[in-house]
Amino acid sequence: MSGQSLTDRITAAQHSVTGSAVSKTVCKATTHEIMGPKKKHLDYLIQCTNEMNVNIPQLADSLFERTTNSSWVVVFKSLITTHHLMVYGNERFIQYLASRNTLFNLSNFLDKSGLQGYDMSTFIRRYSRYLNEKAVSYRQVAFDFTKVKRGADGVMRTMNTEKLLKTVPIIQNQMDALLDFNVNSNELTNGVINAAFMLLFKDAIRLFAAYNEGIINLLEKYFDMKKNQCKEGLDIYKKFLTRMTRISEFLKVAEQVGIDRGDIPDLSQAPSSLLDALEQHLASLEGKKIKDSTAASRATTLSNAVSSLASTGLSLTKVDEREKQAALEEEQARLKALKEQRLKELAKKPHTSLTTAASPVSTSAGGIMTAPAIDIFSTPSSSNSTSKLPNDLLDLQQPTFHPSVHPMSTASQVASTWGDPFSATVDAVDDAIPSLNPFLTKSSGDVHLSISSDVSTFTTRTPTHEMFVGFTPSPVAQPHPSAGLNVDFESVFGNKSTNVIVDSGGFDELGGLLKPTVASQNQNLPVAKLPPSKLVSDDLDSSLANLVGNLGIGNGTTKNDVNWSQPGEKKLTGGSNWQPKVAPTTAWNAATMAPPVMAYPATTPTGMIGYGIPPQMGSVPVMTQPTLIYSQPVMRPPNPFGPVSGAQIQFM
């Protein structure tokens with residue numbers, strides 16, 4: 001069972017909802033479980049510090065927030081996580097910590113929840129002090145002593161005297177804070193403090209290696225220093241001897257808790273004669289009496305001390321290199337294990353062969369395709385056999401003759417059957433379009449049908465300018481004339497044809513409009529009756545008659561008898577014999593019109609009175625209606641064949 005508390009799970013869930021993966025991982029790494037932070041969480045946070053799009057201050061603030069918890073486990077694990085990121089994370093993290101004024105304010109931390117809380121609170125206060133000192137050291141020298149280059153050409157070995165005397169005390173302060181942790185093997189009783197001790201142990205080795213190289217550089221330059229510098233140098237060396245004793249005790253504790261002996265360096269102390277030589281040199285600079293000593297003896301003592309310190313530094317370096325090598329071997333072992341696991345997974349999968357049998361899907365598909373596919377876009381081959389036109393598919397027409405046409409595709413024949421103008425040539429289409437004008441008269445016998453199978457003669461001209469588009473050119477019976485109005489335009493215009501032969505070969509130049517339809521005697525289809533309320537039918541005569549009757553010309557009064565031979569009584573609506581009447585200039589004796597419904601003022605502009613009305617004369621008085629209630633705007637009538645609807649002017 002996991003040792004995570006309910007509070008840890010709730011906190012992690014809250015960060016999951018907010019979408020902060022970094023904060024969630026911080027909570028996972030600092031749970032109430034009494035064990036060190038898990039490696040997967042630490043590795044994730046380390047990778048986050050290497051990503052440029054990760055907010056480092058937010059990560060640090062999340063860790064600082066966890067240190068405010070009352071549980072010693074959460075606080076201790078927060079410090080361990082921070083220390084781990086400072087050592088193995090990107091340098092940006094420690095740079096941010098060094099730029100902060102305050103870090104961990106845990107000098108008064110105390111967990112009173114239990115006896116173990118009291119004991120661990122002491123180490124938490126010491127541990128937080130070391131981390132604060134580590135950040136301060138980076139702020140002062142702008143680099144981490146545990147990561148500097150070491151060796152003969154290292155940072156501490158090549159540093160000048162002035163900078164060296166300022167840098168070594170900083171290392172001493174950080175070393176003091178580390179050694180103040182002062183833990184015994186009996187106190188390393190849980191996984192949390194053990195994880196902290198391992199980080200401190202690695203820091204102690206690297207920090208003491210830098211410290212040792214700084215002392216070697218100091219001893220090499222000691223006899224060439226000024227009096228004040230020699231005094232500072234002697235004080236630094238004495239402190240170094242004290243720290244060496246304490247670091248030896250720290251390493252003994254590490255050996256007791258089970259750390260490998262090969263990972264613990266051997267510390268070789270310098271001979272005691274070196275300290276006497278340094279003191280005598282300082283006394284000589286101060287003018288005091290000293291024992292007689294030759295330069296050769298001083299050089300021998302100095303060389304022995306440097307060699308012993310160099311061996312210590314070499315041991316520390318070997319430990320560090322051994323640690324790096326162990327880390328590399330661990331990574332290689334993990335990579336090898338992953339490769340072996342991958343190979344096992346691939347070996348378990350069956351090998352697929354390229355020469356496999358046909359799939360059942362393709363086999364079934366081959367069985368279904370019993371008929372060859374038809375390409376509707378391909379050009380059909382010519383055939384000598386004459387196929388019957390498909391116009392009698394629904395038995396709509398009974399052709400009386402079959403025109404001699406070129407063999408065409410089925411789609412073209414169907415289109416020609418229903419009067420598709422695209423199936424004809426350009427000349428035929430151009431010849432058919434003017435016939436759609438109701439003012440032009442042309443005998444149906446003059447139309448020559450010309451059908452070509454050449455696709456290149458296709459024209460984009462479409463009969464969109466027809467007056468009544470979209471009506472089905474199906475044969476219908478001659479509609480009965482209305483009882484109110486009996487108009488025969490064909491007899492009036494003089495171009496009525498009695499013998500009209502309908503071309504059933506598949507082409508109708510007018511689409512069934514503007515021509516009377518003659519039903520064949522062989523047709524057995526039921527006659528489609530036009531509903532009485534239909535305003536527009538397939539025949540122009542009945543359509544115009546219905547429109548004129550529904551418009552209610554003449555104040556809505558229905559005229560039962562219309563005599564077209566009385567031009568003086570009515571106006572002609574059109575035709576080839578229609579002539580506009582010119583009003584006489586001597587007298588205004590017009591026919592009596594309907595009673596006026598409105599009056600026009602004398603200031604009405606010319607041409608605004610009505611359609612087809614002459615302009616108002618200034619000398620003719622206009623009779624107005626005294627009972628006028630409102631003025632109605634005059635609009636142009638939508639029917640050009642009828643009289644103007646609305647108000648009329650009556651002249652006296």
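The backbone N, Cα and C atoms fix where each Cβ goes, and this holds for glycine too.
Feature list (source: Swiss-Prot):
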- S2: N-acetylserine (MOD_RES)
- 14-145: domain 'ENTH' (DOMAIN)
- S16: phosphoserine (MOD_RES)
- S20: phosphoserine (MOD_RES)
- 221-294: region 'Interaction with PIMREG' (REGION)
- K238: SUMO2 cross-link (CROSSLNK)
- S303: phosphoserine (MOD_RES)
- S315: phosphoserine (MOD_RES)
- 559-580: region 'Disordered' (REGION)
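Distance between Cα atoms for K238 (SUMO2 cross-link) and S20 (phosphoserine): 51 Å, as a whole number. Each residue in the region 'Interaction with PIMREG' (221-294) has a pLDDT score, and their mean in this model is 84. Around S20 (phosphoserine), the C-beta neighbours below 8 angstroms that are at least 6 residues distant in the chain are Q58. In the three-state DSSP assignment, the secondary structure recorded for K238 (SUMO2 cross-link) is helix. Counting residue by residue with DSSP, the domain 'ENTH' (14-145) contains 90 helix, 0 strand, 42 coil.
Applying DSSP to the region 'Interaction with PIMREG' (221-294) sorts its residues as follows: 50 helix, 0 strand, 24 coil.
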